[in-house]
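Comments concern the structure below.
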Amino acid sequence: MRDAVALRGGNGTGRFASLDALRGIAAFLIVTFHCWKIGLFPEPAGWAWKLWYWTPLNLLISGRPWVILFFVLSGFVLACSLERASGTDYRGFVLRRFCRIYLPFAGSILFSLLAYALVQPERIPALSRWFNELAWSEPPDLRSVVRHLLMTGLDGDDGLNPVMWSLVYELRVSLFFPALFLAAYRWPRAVLALGLLAHAGTALLYGCRTVQCQPFRGQDGVSSVLLTVYFTLFFIIGILLARYRDAVARRVRKLSVPGAALLGLAAVQAMILPNIPQLRLIMPADLLFGLGSATLIVLAVGRPGWAAALEARLFAWLGLVSYSLYLTHNIVLLTIVHWFHAMASTPLLLLGVVGASLLAAAVSYRVLEAPAMRLGRWAAVRRSAGVQMVQKA
């Protein structure tokens, strides 16, 4: 009974500390992935190639799996919060999500503008195309800043902070998440089937012709909407995990230690295999990432030993600042590399990027993220109180 209560409610605040930590680890691995993408290292060959691509080291140089994990986690955590609520106040929910996602994001765009003005970046031929062209490739103007703030989700409208591509889908799905939650709890199999069909159908309409296709941004308004539907599947997976979490966790708790370890290894392999060049044509990458993410979540909430390990102080802190780390690290990376690449060794440069990213995340959490969350809660409570007063009148 005690386990069931803990599983239903998370910690005393209604959150799962182990899942916050999992999100923090994922955010940190995205930082290491972007460090890899700078182009400071030669492409591994021979035994080194096998080591980096076939072992868990691959998790350090992969980004896509962790973004899919963010989507599944959001579906799970939001479903748990709506499940605990006495009623679903749609406008209050959207207000909280808007403040939670959009306000820190808008702050990151301002941060990027200030950093760009200080750095005045120029192309560095010795570094990768990713580093030189994905962000800060053109001087920002008012039109581009407005398009960033509108979160169009279109290619070219995220050059000030490329990681915002995933936030576009997070915020859009938030607009219809309560309806998705209610439908998935009422008709779970039908919603999952429709989600899978919509995922495959929108991928084809978008232009995907192989199972390895991993779309990011829309080329126009229609394709951007299609991709919103495409990524909705992973929120559905999270919702269904929340719906059946007690039953699934009971089964996971019954596993032996070797059995749980094998399940964890299978989850890691699901996050790795689609990244191996020889397997890309036959691996449905995003679906495997979604499956691996779901398995990691189940282990994090269903195995006390895994949960305890994830709740270690370092991981708990990473979980606390995970969103701020995700939002600010790319801007910090660009700034540090542009300023110091010519004078610092590669190890020192990367240590500087990681250290400065963690520091920026801590500051951003205190200055932007935490106040935005408080504002969202305050606005939702005010709205709820106003509705009750109108109803009583």
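The count begins at 1 with the first shown residue.
The backbone N, Cα and C atoms fix where each Cβ goes, glycine too.
All TrEMBL annotations are machine predictions without curation.
Noted in TrEMBL for the protein shown:
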- 17-365: domain 'Acyltransferase 3' (DOMAIN)
- 21-39: transmembrane segment (TRANSMEM)
- 59-80: transmembrane segment (TRANSMEM)
- 101-119: transmembrane segment (TRANSMEM)
- 163-184: transmembrane segment (TRANSMEM)
- 191-212: transmembrane segment (TRANSMEM)
- 224-243: transmembrane segment (TRANSMEM)
- 255-276: transmembrane segment (TRANSMEM)
- 282-302: transmembrane segment (TRANSMEM)
- 314-340: transmembrane segment (TRANSMEM)
- 346-368: transmembrane segment (TRANSMEM)
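Within its own chain, the transmembrane segment (163-184) has Cβ neighbours under 8 Å at 30, 67, 70-71, 74, 78-79, 82, 88, 90, 93-94, 97-98, 101-102, 105, 108, 148, 151-153, 191-192, 216-217, 224, 227-228, 231-232, 235-236, 239-240, 243, 326-327, 329-330, counting only residues six or more beyond its boundaries. Taking every recorded stretch in 59-80, 101-119, 191-212, 255-276, 282-302 and counting its Cβ pairs under 8 Å to the transmembrane segment (314-340), the highest total belongs to 101-119. Long-range contacts of the transmembrane segment (191-212) within its own chain (CB-CB distance under 8 A, at least 6 residues past either end) are made by residues 180, 183-184, 223, 226-227, 229-230, 232-233, 236-237, 240, 274, 280-285, 287.
Sequence-distant contacts of the transmembrane segment (282-302) (same chain, at least 6 residues past either end, Cβ-Cβ under 8 Å): 7, 16, 18-19, 21-22, 64-65, 68-69, 71-73, 76, 199, 211-214, 233-234, 237-238, 241, 245, 248-253, 260, 263-264, 266-271, 273-275, 310. Averaged across the domain 'Acyltransferase 3' (17-365), pLDDT in this predicted model comes to 94. Long-range contacts of the transmembrane segment (224-243) within the same chain: residues 68, 71-80, 83, 152-154, 168-169, 172-173, 177, 180-181, 184-185, 188, 191-192, 195-196, 198-199, 202-203, 205-206, 215-218, 286, 290, 293-294, 297-298, each at least 6 residues beyond the stretch ends and with a Cβ under 8 Å from a Cβ of the stretch. Counting residues 6+ beyond its ends, the transmembrane segment (21-39) has Cβ neighbours under 8 Å at 59-63, 66-67, 69-70, 73, 126-131, 163, 296-297, 300, 310-312, 315-323, 325-326, 329-330, 333, 337, 350, 353-354, 357 in the same chain.
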